[in-house]
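If you check Swiss-Prot, you get these features:
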SIGNAL    1-19  signal peptide
CARBOHYD  ASN99  N-linked glycosylation site
CARBOHYD  ASN170  N-linked glycosylation site
CARBOHYD  ASN266  N-linked glycosylation site
CARBOHYD  ASN295  N-linked glycosylation site
Amino acid sequence: MHVSMIIFVSIFSIKYIMATKYTMRVLIPKYGKGMKTEYFYNMIKESRPNASPLKITESYGRDAHLNLYALSTSQSLMLTYGKDEFWKIIENKLGNEVNETIDLDDLYPSRYRMRFVFKDLISSDNDLYMDTKFSDKITSTKQQKKWVKESVKKTKNKLEEISHSAKLWNATIYMDILKDDNMELYDDKTVTKIKKQGKVKQLPVYCHMDKSVNQYTNEIVAKRKNPIEIVDKKDVSVAPLRFNAFMATIQQKFVTGNKKDPFWANITEEYLTSVIGESELIFPAKFKVIMELENLTDPDEDKKIESTISNTVYNREEMVNMLDILIQMLIVRLNEESHPGKIWNVKATIVGIREMYDDVKTIKHFLV
């Protein structure tokens, strides 16, 4: 494997670490000879902001009859020190300061969820992702504070089970607040009736009940073409610019956050196989993945997300690995930007550049 590929993979590879599969030994930190944990802890404590403000994403999902707020804050921590105020800081910000940020009295009844992203300050290979389930309906500030306190405690305990106690982490915490006083849970008969009335798009596409989300997913999956079809494929040869390129596009619908949906598995397996099988790619090459997402509930939320331009790959195996990494990066980004249960129509395009003359400047211009 080429050196540039190894470097890229080590930096950008994304791993979801489960407590049942990893031991504390795996996560033992390497600080260097003669370096003590106290040094790093003091460095973290000194650099930690006294007041890390909550960032707010405005409410969205208007046509789905719901309001959803996303708040986030970032801090660093080291598990060794029980006296570390990190968890108290988080509990205070999401349990108390949130009331100063949003008028929660106007949001009750609501449901809450917390998501934690722990970045390893020593090795990005050990990054952790945790989240809570959406809470039961909360109708008061007292209930909200109690739920936050319990959720922070459970997450702390979970992290301590799978992380070495001297591990350095930078944590970003997200709290999603879902106002659901207008949320309705439809049974099958009601759904059928609404569909006959042509009001499918008015159904609330987020729901804390698995059955409702699965219902949408099953209908979408049943209509997909299998194997995945390449709906648009272009080969471009531009002699004056001295490079060749190809673009391959598919189009499918999927539901965010449903683990039973094979959408992403198909993208990373069948899609790549189809593209690679038809492409007469000449190595070395660079790649980029572009996804245009149409929100079937609210057109104002349509979005386009793109991967970075990959490092150069020199053979088929490197190409498969590189494309998989680029797609996984987009999955993480989309999960951060979209709450579970949203229905999207996605147009995914892989762009490949044949670097026959390794004209990097021209390639970047083409991809932007």
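From the backbone N, Cα and C atoms, a Cβ is placed for every residue, glycine too.
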- Pick out which of the glycosylation sites ASN266, ASN295 has the most other Cβ atoms within 10 Å of its own Cβ. ASN295
- Cα distance, ASN170 (N-linked glycosylation site) to ASN266 (N-linked glycosylation site), nearest Å? 33
- Message: Please report the Cα separation of ASN170 (N-linked glycosylation site) and ASN295 (N-linked glycosylation site) in Å, rounded to an integer.
- Response: 32
